[in-house]
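As written in TrEMBL, here are the features:
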- 23-306: domain 'G-protein coupled receptors family 1 profile' (DOMAIN)
- 6-31: transmembrane segment (TRANSMEM)
- 40-63: transmembrane segment (TRANSMEM)
- 83-102: transmembrane segment (TRANSMEM)
- 122-145: transmembrane segment (TRANSMEM)
- 169-193: transmembrane segment (TRANSMEM)
- 250-270: transmembrane segment (TRANSMEM)
- 290-309: transmembrane segment (TRANSMEM)
Amino acid sequence: QSIAQEVMGLLCMVLLTLTALVANTVVMLVILKTPLLRKFIFVCHLCVVDLLSAIFLMPLGIISSSSCFNRVIYSIAECQALIFLNVCFISASILTISIISVERYYYIVHPMRYEVKMTIRLAVAGVIFIWVKSVLITVLALVGWPQGNGATSASRCTVYWSPGAHKKAFVIIFSIVCFVLPTIIIFAVYCSVYRVARTASQQHVSVPAPAAAPRQRSNSITSQVTIITTRNLPLPRLMPERFFLGSNKAILTLVLIVGQFLCCWLPFFAFHLHSSVTAGTVGGGHGEMVVTWIAYSSFAINPFFYGLLNRQIREELARLRRSCLNRPLGQELCLSVSEASVQENFLQFLQRATSTLETHTSCISSSPRNRLDQTKVAFPIPGQVPEEGS
């Protein structure tokens, strides 16, 4: 039974590593290859960080976690290098996720301000900030390590190998900076975006038909036909269905993103906090291995949640795959609101929530009467801050 568990654990670790390698590489190449997708610079940076973790950190984690490599010995310098990579890549990945959440918030709630201020210079400054902060936290982890030519087993190469009072301070600071604060930011940002999406849906449910508004009568035949056809649009029938669909998608997105972050990183930081503040408790062993690989699974999950679940990236990936296979691209299909994927992100949901008439009428047919029905009505998104004209 012990051998079977060891083999299963090793297979799971190898599978996670391969998944992280392939998924992050695919998403990164799709973004870099497509000019229109280069606006996802922070998603691309997250894939780079997770890919580096899959190349350097996760294989070393397999050696440290599996009993098949018990005879592997690390010197002090090699163990310090492993701790450096561990803390640095974890910090960079979590900080990048936090910046992606803030970027999405401004992209949705303050779109005009985002278009003006989100420049290449600001994006590069954000990336530099992530790495500088990660390196500073990592340097704090390496303070007080013993000097000399000592060595230790690979399975014991953790931050607790060098005991000292500063280790407790480091773990507390590391947990606050890289888990507590990002969790508060992610939860607050996505709750704010959810409230905006829900308010937009409720507003559309209660919006009357355009013909119900008092308007000045016109003798024009075109205006009379327009009033008749807009009165016949099935808005009261579609709006309640779309409201529940949109609300469910918004709730599902919030639960998936926040839940995935908490499931991957809460056990890791809770274990290290408990090990640092409990007297006589020394890290390492089976418990630390389990929570470490639960955290490492985030490197394999992130490209799906922040990359492949984005419809633009999926469509571009499918187009590149078809072009590589020399297949015809085919005719693009018009996706109605009811056929929309539950995996849409908040931005795509809000775009649908604010363009109901355009989406509905563009997918019906191209007859003259239906073209006459395409009356565009602009609905402001509740929660947006009015922008001042430049």
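Cβ atoms here come from the backbone N, Cα and C positions, even for glycine.
In TrEMBL, annotation is done automatically, which means it is predicted and not curated.
With pairs at least 6 apart in sequence, the transmembrane segment (122-145) and the transmembrane segment (40-63) have 3 or more Cβ pairs within the 8 Å limit; the two touch.
Of the candidate ranges 6-31, 122-145, 290-309, 122-145 has the most C-beta pairs within less than 8 angstroms of the transmembrane segment (169-193). Averaged across the domain 'G-protein coupled receptors family 1 profile' (23-306), pLDDT for the predicted model comes to 80.
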